[in-house]
Amino acid sequence: MSSLNSSLMENLSFVRPEYFYITGFSGIPFINYYFVCLLLMYIIAVFGNSFVAVIILTDRSLHVPKYLGIFNLALADIGETNALIPNLIKTFLFDSQFISYDACLVNMFFVFFFSSVQALTLVVLAYDRFIAICLPLRYHAIVNNYFMSVVLIGVWSVCSAFNGTTVALITRLSFCKSNVVKSYFCDYGPVYSLACNDKTINSVMAKLCSTLFIYIPLIAIVLSYLGIFLALSKITTWAGRLKALKTCVSHLLAVGVFFLPIVIIYFAGYLSMSLHPNAKIIISSLSNVIPPLLNPIIYVLNTKEFKVFILKIVKKRSSVNPQVLAK
């Protein structure tokens, strides 16, 4: 009877807030300038990734496994940018740090979903480079468009299932302590830590998602490049090594841009280094904003096929303009 009464009391005291209050950027000096920078970053990121996606779609010579992966990365970059920055800009324009309960969960899902898609796509691209350099004669037999399409569909499915389940578990929590989220968006950890009922499963899922979408991808990429460097050491000429390594430059830069801010934050916490809360918020927000901004620039500047495509467009326009002027 006592257990039944306690269960009834728990149900009666279950609290689901109407809204959350996001305080991440409160009290940071000159934060208005940062929001202006975010707006510029948003425009460049959306335009740049859309440009890369359109090039890959329209140029048939780019319909190969590697560029399917880059196309997938561009889609994830566009998704994460739109999931995160417009909400931050809205906070700046309307001076409103409130977000409804349902909108908070939606925001949480899409930010983590697209971020995890980016991480796993970088792993897929690392595997592509590993096979291309370590097993060049078998590359086309192992990695083809069908294989890459199936793997990428699997990436979206896994990310959707894990992140959807993780976010759905928030709905079992009762928020009777506070509705103030100490982050720059509806971050999973700061939200579930506000609950006053048992949140053990939420803590477990948070650690599981960090393992699946941060630690394992980073380890897999490092192992891939150890294999690549071992294969490069077997090439007799430096010219041959550099030629093979050049095909990895864009991917290595994208990996660094994505994982470096995350590694800095995690190691700072692990080593008990005292990062100022404002510095941690800025670094954390940039870790979500910078990769979608730089990825299209990295791939356009370091990929021969993109440069050739752009030169074709420029030549076509330059050859058409004199004809138009003559008329």
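Cβ atoms here come from the backbone N, Cα and C positions, even for glycine.
Curation does not apply to TrEMBL; its annotations are automatic.
Worth saying up front: this structure is predicted, and the values here are computed from it rather than measured.
If you look up TrEMBL, you'll see 33-55 (among others) marked as transmembrane segment.
Per TrEMBL, the feature domain 'G-protein coupled receptors family 1 profile' maps to 48-299.
Positions annotated as transmembrane segment by TrEMBL: 105-125 (among others).
Under the heading transmembrane segment, TrEMBL lists 146-170 (among others).
Taken from TrEMBL, the feature transmembrane segment applies to 212-232 (among others). Remote same-chain partners of the transmembrane segment (212-232), defined as residues 6 or more beyond its termini with a Cβ less than 8 Å from a stretch Cβ, comprise 112, 115-116, 119-120, 122-123, 126-127, 129-130, 133-134, 159, 162, 241, 244-245, 248, 252, 255, 259, 262-263, 266.
Within its own chain, the transmembrane segment (244-269) is flanked in space by residues 73, 118-119, 122, 125-126, 129, 132-133, 214, 218, 221, 225, 228, 231-232, 235, 275, 280, 283-284, 286-287, 290-291, 294-295, 298-299, 302-303, which lie at least six positions past its ends and keep a Cβ under 8 Å from the stretch. According to TrEMBL, the feature transmembrane segment maps to 244-269 (among others).
Per TrEMBL, transmembrane segment is recorded for 281-302 (among others).
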I need to check the long-range neighbours of the transmembrane segment (33-55): which residues 6 or more away from its ends have a CB within less than 8 Å of a CB in the stretch? 25, 62, 70-71, 74-75, 77-78, 81-82, 85-86, 88-89, 91-92, 282, 289-290, 292-293, 295-297, 299-300, 306, 309
